[in-house]
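Q: For reference, TrEMBL lists these features for the protein:
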- GLY113, TRP114, THR115, GLY116, THR117, GLY118, LYS119, ASN120: ATP binding site (BINDING)
- 283-340: domain 'Torsin-1A C-terminal' (DOMAIN)
- 1-25: signal peptide (SIGNAL)
Amino acid sequence: MRLRRGALRAALGLALLPLLRPAGAVEPISLGLAIAGAAASALTGFISYPRLYCYFRECCLQRHDQRAAAALQENLDKKLFGQHLVNKVVAKAVKGFLNNSNAKKPLALSLHGWTGTGKNFVSRIVAESIYKSGLQSKYVHQFVATLHFPHAHSINLYKDQLQSWIRGNVSICPRSLFIFDEMDKMHAGLIDSIKPFLDYYEFLDGVSYRQAIFIFLSNAGAEKITEVALDFWRNGRTREDIRLTDVQNALSVSVFNNKNSGFWHSTLIDRNLIDYFVPFLPLEYKHVKMCVRVEIESRGYAVDEDILTRIANEMTYFPREERIYSDKGCKTVDAKLDYYYD
């Protein structure tokens, strides 16, 4: 019995060896055959069980969709401040999509608002809810307009590269997540190259894109969002009274007609392929204080109410007379804490 257990452990070790090596390692054919033989004889195919492989390597669809949806809701509730519309819309849209085994098209969300209101933060939460490695996952792909598509004269090249990149990655993992940052700085017409992938096709050249998720981040439309928020405030209504229907249509029209936006006259909007335009409301003084408190706690410091208030007071607010909203949201909180806790 001891001999058999020893042989089994040895075979298990050999069989797991390729799983523990770096992804780029190339195994000699002879060693590969030996491992295959040992695994087949000692473990009767046990090593091929997907959960065991995924224990050592990240896998596509690593988290069960219901678990991913629960993690998303929990993180939005705990970590996102002052964005009741975002919490409700993103949570419902992503949860519903993840739990829909027969989606007719990929999920496409377009997040809009001023810098520092949480757009990148929410896209990170979505990534982390689906894949343990979050933004570092090999199934999550980020594009930054000014970094990846800087030159207007290269748009045709970018279109071909973008299509190839999306096609290749969805072929490997149907539940791929694509995040496009700085859409307000993207060259007009470029994003239209991915229109076929967001449309209602069951297959394109043998590949289905219906499980993929596309998230677009943009400052475009922030003025319209602020206009709605200010109107509610001046009429004595709270920001929580604002509903998606109060903003979404005006927001989509504003983005579509914005010549400085990558969505200018885009077919993605014209053909209604963006499922939700998600408005990020400008953050108020109380929300900035929440951000400061969480950041202090995350660094392991005791919260000093005096420092917390000083940092919140140092932020600049608009409109100039009312001073209601932080013009940078919570974006500079981290840097200001470095000054006080260095």
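Glycine residues also receive a Cβ, built from the backbone N, Cα and C atoms like all the rest.
Automatic prediction, not curation, is the source of TrEMBL annotations.
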Q: Below 8 Å Cβ to Cβ and six or more residues apart, same chain only. Which residues does that give for LYS119 (ATP binding site)?
A: LEU111, HIS112, GLY113, LEU217, SER218, PHE280
Q: Same chain only, sequence gap of 6 or more: which residues have a CB within under 8 Å of the CB of THR115 (ATP binding site)?
A: ASN219, LYS328, GLY329, LYS331
Q: Going by DSSP, how much of the domain 'Torsin-1A C-terminal' (283-340) is helix, how much is strand and how much is coil, in residues?
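A: Final tally across the stretch: 32 helix, 5 strand, 21 coil.
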Q: Averaging the per-residue pLDDT over the domain 'Torsin-1A C-terminal' (283-340), what integer do you get?
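A: So the average pLDDT across the domain 'Torsin-1A C-terminal' (283-340) works out to 93.
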Q: For the binding-site residues THR117, ASN120, which one has the sparsest Cβ surroundings, going by other Cβ atoms within 10 Å?
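A: Each of the binding-site residues THR117, ASN120 was scored; lowest Cβ tally within 10 Å is ASN120.
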Q: Looking at Cβ-Cβ distances, which residues of the chain lie under 8 angstroms from GLY116 (ATP binding site) while being 6 or more apart from it?
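A: Same-chain residues close to GLY116 (ATP binding site) (Cβ under 8 Å, separated by 6 or more) are LEU283, SER326, LYS328, GLY329, CYS330, LYS331, THR332.
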